[in-house]
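Enquirer: Here you go, one structure.
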Amino acid sequence: MKQTKYIFVTGGVLSSLGKGIAAASIATLLKNSGLKVSILKADPYINVDPGTMSPFEHGEVFVTDDGAETDLDLGHYERFLDESLSQDNNFTTGRVYQSVIEKERRGEYLGKTIQVIPHIVGEIKDRIKKAGEGKDILIVEIGGTVGDIEGLPFLEAIRALRLEVGKNNAMNIHLTLVPFIKAAGELKTKPTQHSVGELRRIGISPDMIICRSEKALDRDLKDKIAISCGVEKNCVIESVDAASIYQIPLNFLKQDILSPIAEILDLKNLKPNMENWDSLVKRVIAPSNEVKIAFVGKYVDLKESYKSLTEAIIHAGAALDTKVELKWVDSEKLENMESSEVFKDVSGILVAGGFGYRGVEGKIKAIQYARENKIPFLGICLGMQLALVEFARNVLKLKDANSSEFNEKCQNPVVYLIDEFMDTNGEKQIRTAKTPLGGTMRLGAYKCDIKEKSLLAKVYNEVKSVKERHRHRYEANPKYRADFEKHGLIVSGESKGLIEAVELNCHPFFLAVQFHPEFTSRLEHVNPVICSFIKAAINYEDN
């Protein structure tokens with residue numbers, strides 16, 4: 001069997017430098033050169049997965065087709081690679097220890113003392129190898145920063161794995177910061193030198209260094225980094241701040257990043273076709289038109305919480321040659337503001353998902369304003385649930401209508417806890433209010449049957465069903481379906497009795513979906529729900 005080649009990506013100096021974007025950009029170039037490529041993110045934190053972590057703590061939780069709750073970098077990987085990944089493409093320290101302890105309890109280690117080396121490191125290596133099966137190249141991003149104590153087993157694993165697979169089958173890329181000191185008026189390389197020194201003390205010598213900076217590096221500075229860090233001169237690549245993350249693969253290509261990669265990994269004919277990508281990026285950066293959308297959410301102070309959704313909107317803008325300006329609206333603050341003043345200058349209102357009661361009434365106000373004023377509206381996940389609550393209160397006149405998530409004793413729970421459903425493997429899942437939170441939601445891609453001649457059918461080009469990804473614990477209560485439909489709120493999508501989408505039949509564009517369309521949107525293949533909403537907003541502005 002052909003040996004998979006590995007590219008290990010580490011980061012130094014500080015976090016949030018963009019290792020995920022760099023890894024995804026290299027993967028894009030390799031894939032467009034005709035290679036079978038995949039990416040894995042190894043996260044050193046102790047949580048089993050990010051599913052129960054606060055958006056303020058971790059940012060978005062990205063969900064794969066098979067229902068894995070993963071790091072937001074997997075979203076970048078999918079959007080750049082234009083491929084669906086799985087739970088094999090992300091694991092944490094918590095997951096590794098959980099697996100090793102379970103094996104120990106089953107007696108699989110035959111009574112041996114369980115240690116970080118070889119058992120924990122061995123488990124990490126096994127997971128990396130599994131993710132690379134059947135691929136020409138596996139890119140492995142190690143989360144965190146070199147020097148973090150929790151990352152040591154992961155660095156030991158990639159050090160050992162490189163020795164195991166041999167020369168020309170693995171390489172190390174290190175991403176560092178080259179800060180610009182305004183007072184001195186120059187870029188400083190010392191943090192990079194120290195970071196590489198720290199990496200070497202662990203036993204890893206980088207083959208390539210990618211330098212994050214707000215300004216371009218001149219040739220002398222690159223040569224200085226190459227000499228002091230022991231890499232070839234053509235292996236010092238700059239990653240300067242860009243107008244769009246989708247420029248990064250093109251910027252890397254201009255610096256001929258593939259030549260040293262090809263030489264180190266013994267690869268031939270790396271000539272990526274990036275024409276379509278380049279065309280779309282130009283429309284992202286310099287579109288012909290512009291439209292403004294209100295983005296209503298409770299985590300608007302941390303935009304990373306909605307990463308996939310904001311990227312999907314960029315994809316739609318590129319497809320429609322339009323810059324989509326987002327007006328961020330804090331749903332909690334909206335509760336005490338005048339809707340007409342907040343939404344007077346927008347051509348569409350998007351109500352995003354979320355958890356917990358804070359900011360809910362503000363979202364309901366936004367939905368009511370969109371419905372009554374015929375402004376294009378899209379509700380996602382909680383946005384759909386609250387569209388039902390708003391309609392029940394203001395049209396059906398059920399003033400105490402609510403979700404049982406926010407009021408367990410309400411008399412009209414138009415949204416309630418899903419107590420029984422079939423998971424993505426076809427197995428029955430039973431839930432109660434006391435079920436532990438971790439990994440117990442309705443997660444992953446489920447088939448949605450679409451009502452003929454509906455707005456949703458038009459959005460999806462008249463197909464009978466689609467598969468979209470979910471992440472929710474509560475669901476529309478079918479007990480109220482007849483009343484909703486009698487008054488014009490139509491169920492246009494469902495999945496084995498669960499309501500997946502609703503729409504208003506007397507509104508230019510009022511669509512709410514239980515699933516997350518943003519999780520399947522890519523630059524080269526935008527999700528139809530997001531694209532149709534932006535198109536409706538453009539039409540609203542034109543008219």
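A Cβ is built for glycine as well, from the same backbone N, Cα and C atoms used for every other residue.
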Enquirer: Among D66, D71, D73, D82, indicate the single residue that Swiss-Prot lists for the ATP site containing S16, L17, G18, K19, G20, I21.
Expert: D73
Enquirer: So Swiss-Prot lists G354, L382, G383, M384, Q385, R473 for L-glutamine; which of E405, E452, E494 goes with them?
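Expert: For L-glutamine, Swiss-Prot names G354, L382, G383, M384, Q385, R473; of E405, E452, E494, the listed one is E405.
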Enquirer: For T189 (UTP binding site), which DSSP three-state class applies?
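Expert: Looking at the DSSP assignment, T189 (UTP binding site) belongs to neither helix nor strand, so coil.
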Enquirer: Nearest to E518 (active site) by Cα, among S16, K188, P191 (binding-site residues)?
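Expert: With Cα distances computed to E518 (active site), the winner among S16, K188, P191 is S16.
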Enquirer: If I take every residue in the domain 'Glutamine amidotransferase type-1' (292-543) and average their pLDDT values, what number comes out?
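Expert: Averaged over the domain 'Glutamine amidotransferase type-1' (292-543), the predicted model reaches a pLDDT of 91.
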Enquirer: Within 10 Å of the Cβ of L17 (ATP binding site), how many other Cβ atoms can be counted across all chains shown?
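Expert: For L17 (ATP binding site), the count of other Cβ atoms within 10 Å is 19.
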Enquirer: Among the binding-site residues listed here, S16, T189, T192, Q193, Q385, which has the most company in the form of other Cβ atoms within 10 Å of its Cβ?
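Expert: Compared across S16, T189, T192, Q193, Q385, the most Cβ atoms within 10 Å surround Q385.
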